[in-house]
């Protein structure tokens, strides 16, 4: 369970996240949508304690992130798949993360297998495609077998096979009773994967609903998204 | 409780699993080869000199001369240990999985400091052994004197190497950029002493005494008049200044790291 209570983040004059409250519950995928610059990534960083909120707070399973001493067992997150040292092997990359939370090498081998990277585990990450790095990032998030998972644009760079794999993975992780917060711009993918949707624009909550409700009220999830965010797009051409 | 041993193991894996570390270590220890070449040149010049000149011939401490190599290498290793994380963005992951943040910096310091000490001692004592072997009793027996008399200086120079590693790490954590941190490191160690060497006395001697290069000799009390640095500090104070070079940037970085958005 992820809960945001009036979360606010101000950078100088810019209000990146503005009094944002929503919940993402266990057992399903919650889609996290919004135009570029809406504050999605900032929100994820605030939840993970990477940035300090100006006011309000975020709780994971009822506790603030900073209170976890071995957070990988509570929360797994993929923020930026290319944020890896290109000279390190996939195995060593995962192992150095795992060790900080007292996770052993057997689990590293296990997650490498789970994401389909076991044959390239000893290869340098620098030679990986973006899709392979996404798989590596997902493997890192899964290391501690956490109840709560957050993925920022995990589908970017994946081939059709990978996109289908992620869809299946997200659903099966949710079916195991985990909380999944998934940010993506691919509406068709989101319609297939998510059960609930949270849409933000200019840092504020625009809509919190189920996919079923949105697709009943609009021709498609994409149409719903376009209509709901029409007034909060900051960077875009004429619609 | 996330064990500090785990964070320490993590930092060791990070360091040993990239090629740049291996390259820098080899380069740092290659100072012994430089020492060997210098000793050979000195021996050749000594042997070619007429007997009266040989009597008065003196030789600089070759360990001190070549220590620049492991010092700089380890300074760069320390810098890269943290700036490579900022450059790739991996720092966000590192700080997410160790939310208290400072254990990561302490673990990095321990790993980088230990590697620095091993590299420094290998380079310095290796150079001593090679130089002694090459020079024999030339230069009035400068290198055949009692080893115990020379030991304090060799230890002090060896210890200056991990200080460079920690200074590099601290500057890297403060600057969050390799270029910025390495520029400051080189400026602090080579450029500023050159400027200080050219300002009027007594400030040249005073400021020269707190330069990092002056400290090993001040700590051992084995000061020489030909040094480009000053020699005003008593041993205990010099040791404290050496510790401060390593500790102050790191403490400032740890303080900032707790507050900065990542």
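We count from 1, first residue shown onward.
Cβ coordinates are placed from backbone N, Cα and C, and glycine is handled just like the others.
Matching B:86-104, B:181-199 against TrEMBL, the residues noted as transmembrane segment span B:181-199. Among the ranges B:23-45, B:207-229, the one that TrEMBL lists as transmembrane segment is B:23-45. Note on the transmembrane segment (B:65-84): residues 11, 14-15, 18, 20-21, 24-25, 27-32, 34-35, 38, 90-91, 105, 108, 111-112, 115-116, 119-120, 123-124, 127, 157, 160-162, 164-173, 175-178, 181-182, 185-186, 189 of its chain, located 6 or more positions outside it, place their CB under 8 angstroms from a CB of the stretch.
When each of B:23-45, B:105-131, B:181-199, B:236-257 is checked for Cβ pairs under 8 Å to the transmembrane segment (B:151-174), B:105-131 comes out on top. Beyond the ends of the transmembrane segment (B:105-131), by six or more residues, the same chain brings 4, 7-8, 10-12, 15, 21, 25, 28-29, 31-32, 34-36, 38-39, 62-63, 66-67, 69-71, 73-74, 77-78, 81-82, 143, 150, 154, 157-166, 168-169, 173, 246, 250, 253-254, 257 to within a C-beta distance below 8 angstroms of the stretch.
Within its own chain, the transmembrane segment (B:236-257) has Cβ neighbours under 8 Å at 95, 101-102, 105-106, 109, 113, 159-160, 162-163, 166-167, 169-171, 173-174, 210, 212, 214-216, 218-219, counting only residues six or more beyond its boundaries.
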